[in-house]
Amino acid sequence: MVRTPHGHLRRAMPVPTPHFAGIDALRAVAAVAVVLLHACVPYARPSMAGLSWSVHDTTSSAITVLFWAIELVIMPIFLVIAGFFAARSITARGGWSVTIDRLRRLGRPLLLAMVFLLPVEFYIWMLGWLADGVVSWRSVRRIKFEAGIDRNLWGLSHLWFLQYLMTYLVILAVVWPRLRSWSGRSIARYGLPCLFAAAVISLAMRPEVVWGFQHSFLPVLSKWIYSGAFFATGVLWFQLDPQLTRIAAGGQRLLGPGALLGVAAVSMGIWWLDAAGEPQAWLHGGWGDASMTEGIPTRLGGFPIGGVWMRSGLAFLTVTAAAVLTFAFIGVASTRIRPLGPLMSSLAAGSFLIYLLHHPVVSLVHIASKFGLPGISPLAKVTLATTLGVAAGWSVSWLAVRRRLETEERTDATRSIPFPRADEAGEQSTKAA
């Protein structure tokens, strides 16, 4: 608290540090992890229920574990960071000013990607399905499929994050005047526990929020609540720790417990997916039809696989592991305050375009490697898809930065040309006469 010249006390506004370099590095690594996550899709078993992909290939146990480990924590990292920095910007510039600016910066790429990128992705998917014999050319041409094989095909694909983030920003701008008056005690006692409970309940009701994929053109309520809980956690954490000093001090201590919780959550999740049977039996709440799968019993300790207690246990473990690992990674990243090297700076600058553009590239590599390189290992295919997926967005970002710098240099050069003053111009004309 500080005292104003009139003698009144008010909350001191946090003085921002020049730059959160470590968070930029974490954001860059997380963008690469998203590409790696999608590169693992054709080789994971159990696969992600509700996710339609261009092809499926030889499975790998190691890749399966890697896939679900990334899926567990990757979106909470992005959402907490987004919430934290949204609150930081609103504190400095005001709610609606920041929101309108962010809506413009997110909405334009989303609209362009919907118009140009999603149709390209559709035909890449159809190429893979044609090569696999899943659909006929006539079905593709008519965009009419049999047996409901396209039931999970239609939606925003990986662009859902932008849509959800825009809705959270609008709500944050509305509630911010009241939210900023919350005390740290209220946030710690009520705010954060309520958000944790909301995430657990939404995941218990719909495990496919994490352990599957909910594909739609509009936000899905359970996924929106789960993701919003982590975004709001980032917002409230800014109120508690605006410089990330607390989490930086404890980040390393969270790594060990987070790793153990992550192993437990991934192990239970993979086991649960194997035991739950065909996705159609449990997606969208269809728990009654869960059946025996490969000799795995549908009951554990007297509880049915699809029962509320089993789902709640998986949800609690998943949310706890995701939260602890997220804050562990943010805490470790926050200890890095020196400037990033050229490579990491370039990767961080290109992280948004890497996220935006990698999807069709990775899928094309999957198709090409399945039919053109059938003899190489799944790990080699994942490495190839990840490398090319990252390179696609990174190269576009690098070219855009180079072009902007060249434009600025030309502009500066034009501004630096000396023009004669009026008196000098008069003297020169007199001499010429």
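Backbone N, Cα and C atoms are what each Cβ position is placed from, and that goes for glycine too.
Please treat TrEMBL annotations as automatic predictions, because they have not gone through curation.
What TrEMBL annotates here:
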TRANSMEM  21-45  transmembrane segment
DOMAIN    21-397  domain 'Acyltransferase 3'
TRANSMEM  65-87  transmembrane segment
TRANSMEM  110-131  transmembrane segment
TRANSMEM  151-175  transmembrane segment
TRANSMEM  187-204  transmembrane segment
TRANSMEM  224-242  transmembrane segment
TRANSMEM  254-273  transmembrane segment
TRANSMEM  313-333  transmembrane segment
TRANSMEM  340-358  transmembrane segment
TRANSMEM  378-401  transmembrane segment
REGION    412-433  region 'Disordered'
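Remark: the transmembrane segment (151-175) makes no contact with the transmembrane segment (378-401), by the rule of 3 or more CB pairs under 8 A.
Averaged over the domain 'Acyltransferase 3' (21-397), the predicted model reaches a pLDDT of 90. Only pairs six or more apart in sequence are counted, and the transmembrane segment (313-333) with the transmembrane segment (340-358) gives fewer than three Cβ pairs under 8 Å, not enough to call it a contact.
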